[in-house]
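Structure first, commentary second.
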Amino acid sequence: MSARLAAIVLAAGKGTRMRSTLPKVLHPLAGSTILERVLAALGELALAECFIVVGQGAELVRGRIARPGVQFVEQTEQRGTGHAVQQVIPHLEGFEGEVLVLNGDAPLLRPSTVAHLVEKHRSFAADATILAARIADPGGYGRVFLDADGRVRQVIEDRDCTEEQRRNDLINGGVYCFRWPALMTVLPALSADNDQGELYLPDALPMLTHVRAVAVEDPQEIFGINDRLQLSQASRILNERTLVGLMLSGVTIVDPLRVTIDETVEIEPDVVIEPETHLRGATRIAGGCRIGPGTLLEDTVVGAGTEILYSVLRRSRVGAHSTIGPYSHLRPGADVGSHCRVGNYVEIKNATIGDHTNAAHLSYVGDASVGERVNFGAGTIVVNYDGKHKHRTEIGDGVRTGANSCLVAPLKLGDGVTVAAGSTVTEDVPCGLVIARSRQVVKPDWKAPYERTEDG
């Protein structure tokens, strides 16, 4: 598309119904934020300029959204959508192209829908083209009124409609494409003569000569978020889109109503996702895996043929054909190799685990480098913290630890070392067997003091 296109995203609203200290547009949604999802809807367009009008929490919005090609314009006093667009006028001086205006709280828009609106606007040679939809319950939305030729005659906010006007089910989707020189001529004439005393952008439409409407195919796309309930509804819609796309691409999702997956997650065909599984962020899962039930993966990479159930993995990596869980916890920096077993109540943090290594139950491995074909006995603990500093442990290939062993860092165990059960190892062991425990003492005639007679 021509680069003579600019976009204005309206993100200055107070969002009072969210009842939050966080700006509404920064609330998390499907792996990003509401505002980032709106910006993603502009992805198919070549924009000359992109402006975000900010108000409430402006610095927070700038901090999260700052990126090349995006400019922030502050609306210090929130006096309506028309007033918000007026704040951009000095930044588009001399601009002769088209301007898209869209709300920053409408995260369900598809890029193809926005691109289609621009294409239709150009084919109409209109002064303005708006996105509209017919919905069963139009309450809360501005109504679009057409003339006999199908052109937009007027858009009236819901609160300003009469009872008869509210029966109109054609609603304003809050997405506009304007010929900027035409809009510039009428913006100063906007009036605050309405119930809220605000300057409404739709009030500019009757002042323009040629205004058209384009119907959106999926009315859900123009869904706006004003409170936590609507945020949850938008989340459910986006999750359904993601799950449908994955299932059509060859992923089995056993119960879609009990699975959530961010659209940023990548899953290859022939993966089975069990119920109560939640996949977040930059997670990538290779083919042939079984994930869940009862599993959370965040920013985690999983190799082919691996099984993970009833476990939590964050910013971790698991190689191919390994088994994780049940009830394992892989914390950031965990890097588990191929053909490994990480079992019941095992926690791994900031540690690399070599191929064919097993930690089957009740172990903690933190800040460690572990070789291949290592076997951790039940209850093996890598003691990495001295109360002030973390220290590393290096464990060579083929090491075996007995049950209830403690490896106190900093420590190095050479290839093939065996640690006897119950040992607390505090010094490096280059090879062989290490036994580091108190000698067992048996007193067969011992009695508790309260059981002893006076004769002893």
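Positions of Cβ are set from backbone N, Cα and C atoms, glycine also.
If you look up Swiss-Prot, you'll see His361 marked as active site, proton acceptor, on the strength of sequence analysis. Sequence-distant neighbours of His361 (active site, proton acceptor) (same chain, six or more apart, CB under 8 Å from its CB) are Gly343, Asn344, Tyr345, Val346, Ala378, Gly379, listed in sequence order.
What Swiss-Prot lists as UDP-N-acetyl-alpha-D-glucosamine binding site is 10-13, Lys24, Gln75, 80-81, Gly142, Glu157, Asn172, Asn226, Arg331, Lys349, Tyr364, Asn375. On its own chain, Ala12 (UDP-N-acetyl-alpha-D-glucosamine binding site) has Val53, Val54, Gly55, Gln56, Ala58, Glu74, Gln75, Gln78, Ala84 as residues at least 6 apart in sequence with a Cβ closer than 8 Å to its own Cβ.
In the three-state DSSP scheme, Asp105 (Mg(2+) binding site) falls into the coil class. The Cβ of Asp105 (Mg(2+) binding site) lies under 8 Å from the Cβ of Ala11, Gly13, Gly15, Lys24, Val25, Ile34, Val38, Gly224, Ile225, Asn226, each of which sits 6+ residues away along the same chain. The Mg(2+) binding site annotation in Swiss-Prot covers Asp105, Asn226 and is backed by sequence analysis.
Arg437 (acetyl-CoA binding site) is surrounded by 16 other CB atoms, counting those within 10 A of its CB over all protein chains shown. Secondary structure at Arg437 (acetyl-CoA binding site), as computed by DSSP, is coil. Feature annotation from Swiss-Prot assigns acetyl-CoA binding site to Ala378, Asn384, Tyr385, Ala421, Arg437; the stated evidence is sequence analysis.
Annotation source Swiss-Prot lists region 'Linker' at 229-249. Non-local neighbours of the region 'Linker' (229-249) in the same chain are 18, 27, 29-30, 34, 37, 107-108, 220, 223, 256, 259-263, 265, 267, 269; each lies 6+ residues outside the stretch with a CB under 8 Å from one of its CB atoms.
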Inter-residue C-alpha distance, Gly142 (UDP-N-acetyl-alpha-D-glucosamine binding site) and Arg437 (acetyl-CoA binding site) (nearest angstrom): 77
Most distant Cα pair in Å, residues Ala378, Asn384, Tyr385, Ala421, Arg437 binding acetyl-CoA: 22
Neighbour-count leader, CB within 10 A, binding-site residues: Leu10, Ala421: Leu10
Rounded Cα separation (Å) that holds between Leu10 (UDP-N-acetyl-alpha-D-glucosamine binding site) and Ala421 (acetyl-CoA binding site): 65
Cα distance (Å, whole number) from Asn384 (acetyl-CoA binding site) to Tyr364 (UDP-N-acetyl-alpha-D-glucosamine binding site): 10
Other C-beta atoms that fall within 10 angstroms of the C-beta of Asn384 (acetyl-CoA binding site): 23
Rounded Cα-Cα span from Ala421 (acetyl-CoA binding site) to Gly80 (UDP-N-acetyl-alpha-D-glucosamine binding site), Å: 72
Per-residue pLDDT averaged over the region 'Linker' (229-249), given as an integer: 98
